[in-house]
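Trainee: One structure is given below, represented as structure tokens, and several questions about it will come after.
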């Protein structure tokens, strides 16, 4: 379908043209490149709504597959779609289609890819050899099972006599002490293979790459890639020489150097020409590299600084060539080929072990009825695909069913998709991109999950292939407008990324389409310029060792951040509040501190707390180190095996038993031999020693408890044991009274929850649980302390950049920008890559030599490029979290050296910094500082001037504060801190402290403070209409409360109640069930109602007993009444209409004393609503006993009943009017007892 047939954007619409295009475009595969803050979720929701309400071709919501990255995102998507549908329903209250969509929403396929896979597997489990009752494996349980399977396989391999290849593998890849490296290789290959649609095929390809028989080095993919890298390095060297020549030609430059530099340039051009031909050509050319010696010059004749720069640039060029010579061309091509020949059979054995491991691991999971997340993807793929003759995957009959079912497949965060997930998506969508039904949204600049095997190349490939028009394939749409941030944040981010992100280094071209464009409007603000603060760490401040240096850097940055936050809060810094559309004073919750990883978080937290700043960080370690958890773990170790001195002594010394050092010594002195446990038993058998009665009592109490716990542990569940220990020791309550008690109790609850999760696995018992925990600790998988903080707490948050993705904060600090990138993965003994497979050193155990191989060199360089690109994207995510103020902080050790490096590109005349500068960066500052040092706002340029920096860069419309901060000034103690220390010392010595203080009034106010919302804490935030009615009228026994939000089918009564008659409530519920389900299209007679009731019994809407209790005559009498006839003749009838609405708390609670603006959530069910020509009538059915209960008959009953139900019907009417946007003309109560009608008047 052509573009012009799409719906036009409505006049006055707030959607941008690109957003509207993303909402309505269809008829082909569509890729939406949505920049940070561009409203992609809103676009996605609007697209779904437009498809659902399309007048010509409406689509049911369960015919859409919406794939999100997280469960939280899926739930938010459902909520947003639900809210949007409810708004449509208000405008079109009679729309059955919209009501149907709301009912279908909960079962719609809006989920993560894993949830969709699970849904497919649950539906078609019989196509797989798995138990339909399978469960998802716990991650730690999964890892432990892997270790068990691997141990078994290796034990068998070691036991085989004729197993030469295995022992050669062991000799090459294990140390003298253990075979941990071999185990890591097998597990890593298993994981890497799992990220491919056909793991075995990928493993086979990996081995085949080492089969070089009949090949030359030119045939190897590794050599082809490395040649491209050789060209890159030679271009870098050439750039250095050209720059040196420019400097040499300056008036004060060393012109005599020109002759040598020109010779150097010819040499580099010769090498570059060889690199364009073949590996062998470069190898031969490298053997003849010879650099001329520089001619001596009289340095006093020339500018000394320029001479140094020229010589430095030449040395850099020589170093580039030298690195190539040493790493790649010090060995003959044939030597590299021999490596592959020798390693080929060994690698074949390694892959055989990986396959064996995968098969056995799969078998043990099948036996235990468990699957992991990788299984979910592969099992789903297995169900949806068949293998064609060419080995390619083709859609199975099941996949074709899904293709027919789904009108469109929408994928959020597409940049984080992996190869297996892409295959699954392809199988359930149309084959042709030009006529496809796949809608993908994402931002490849925010693809930061390569460590989870996400493949940004999938997004990039389509982005390059698709066009804006989508005429010959898929269509791409750029959403570049950012509705989150101020101009200063966006311009600052653009200024940096226009200089550092390119296709060669960074994988993405940061062009005009990729640039962030302003979409949000903010009032004028003060001090909104972005900032770069570089802390200079002087030599005398640096602690010994690399670790000490890191601690010092963390402390310096923490101090600076704390000072800035404190200053901003104290000075009344303002931020914009979108809820009130006004500027307001900044609060602690408006600040976030972003880190690449969390090692610095504890130091930053400590510093902020010292400054009185509330702070929270979700740490990934420290749980098992927490005192309360440690003590409890020792209790359980003693329960499992009391003959363990250290755990038992720890428990005896803990608050649980409460022995002091003297008592422990007295106990040990009782018997010098034997375990503590044996000594304790011996001590208790004897009479209490003189002065040891209290000790005897304490031990007796504990020993009695311990025996009970040991017996309980043998018979009952672990989680019950834990709670029993908490209860009987009172320890849970005890820690609640300590400082940080809320957090400590949360930690103990997590231990209990962890035990329950453990019991849901294939492991059982206290001993195995303790071993389970030990294995977690051995593998370094400690957990963070339990979360004891609400989302809206007024605290500064510290989090990783990864955790911050998708979030936004008014003020963002990005710290640790001077920390080196983590290149540990590149230093491993073996490397794995999706395209290049396996690479490791060549190890000859007989000659005891090892050296790098061509595959290792290629993979290492490729991974370094990918790491650089990923780190750029991580930085982009960090900078785009800020709404109003962005503050970048980094620490450097040698200011002069770093400045020289950063200013090296100051004269560069193009926007994009040289490739070698960007590729050689070792930290974020190596990108940020060279970029900002080309802008007029950098203080350094005030001294140096613009030079040759182009105006469009130098004068770029962005505001920055760039400055160095002296680390010494940060570490100097503050006067206020010294004053606090004096007060603390006085308090410790129990001395009186002066009351005269500027905080005296504040202390008094806090001590006498009364919570202004106290009334709200005494009432429920959610009420049913019936409960509100009871608040107004006391119950007199004749009323039956049976209204619920949704009435469930009536179940069989418990046996002990079967012989008794129905209660008033049960009888009322049965009557309402009949009134809800009776067919109004049939003629209403006693016979027809009896027949319908019988059908309700068959459908299990009613039980036989309940059907017998219903008065059919009363049902018929209603329909013969004037009101009943109106129901039968009405234009439309709705029965059992559930509703939820917000109500003023004053209306809900008669004696409400709280704030007038407080609201509560009210829910209820309206029995019947009829629409007639002149409006809507609301009917509420009542089964109250009236006849014979009121001496004055109905005349006496009427005002009482009217008053009793007036509030209830008023709330029903209010809910209807709010929902339908039409007034309710009449409110009627119908009483089956006596066939009475009461019309409620206001």
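Please read every residue number as a count from 1 along the shown chain.
Positions of Cβ are set from backbone N, Cα and C atoms, glycine also.
From Swiss-Prot, here are the annotated features:
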BINDING   34, 35, 36, 37, 38, 39, 40, 41  ATP binding site
DOMAIN    13-486  domain 'UvrD-like helicase ATP-binding'
DOMAIN    506-806  domain 'UvrD-like helicase C-terminal'
Trainee: With the ATP site defined by 34, 35, 36, 37, 38, 39, 40, 41, which remaining residues of that chain have Cβ atoms positioned within 8 Å of the Cβ centroid?
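Mentor: Other same-chain residues with Cβ inside the cutoff are 43, 443, 479, 482, 483, 484.
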Trainee: Within 10 angstroms of the C-beta of residue 37 (ATP binding site), what count of other C-beta atoms is obtained when all protein chains are considered?
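Mentor: I count 22 other Cβ atoms within 10 Å of it.
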Trainee: When you measure from the Cβ of residue 35 (ATP binding site), which residues in the chain that are at least 6 apart have a Cβ under 8 Å away?
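Mentor: Sequence-distant Cβ neighbours: 443, 445, 478, 479, 480, 481, 482, 514, 516, 880.
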Trainee: Pick from 34, 36: which of these binding-site residues has the biggest number of other Cβ atoms within 10 Å of its Cβ?
Mentor: 34
Trainee: Looking only at 38, 41, the binding-site residues on record, which one has the least crowded Cβ, with the fewest other Cβ atoms within 10 Å?
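Mentor: The binding-site residues 38, 41 were compared, and 41 has the fewest Cβ atoms within 10 Å.
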Trainee: Restricting to the domain 'UvrD-like helicase ATP-binding' (13-486), what is the model's mean pLDDT?
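Mentor: Taking every residue of the domain 'UvrD-like helicase ATP-binding' (13-486) together, the mean pLDDT is 93.
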Trainee: If you run the three-state DSSP split on residue 37 (ATP binding site), which class comes out?
Mentor: coil
Trainee: Determine the Cβ neighbour count for residue 39 (ATP binding site): the number of other Cβ atoms within 10 Å of its Cβ.
Mentor: 22
Trainee: Counting across all protein chains shown, how many other Cβ atoms sit within 10 Å of the Cβ of residue 40 (ATP binding site)?
Mentor: 21
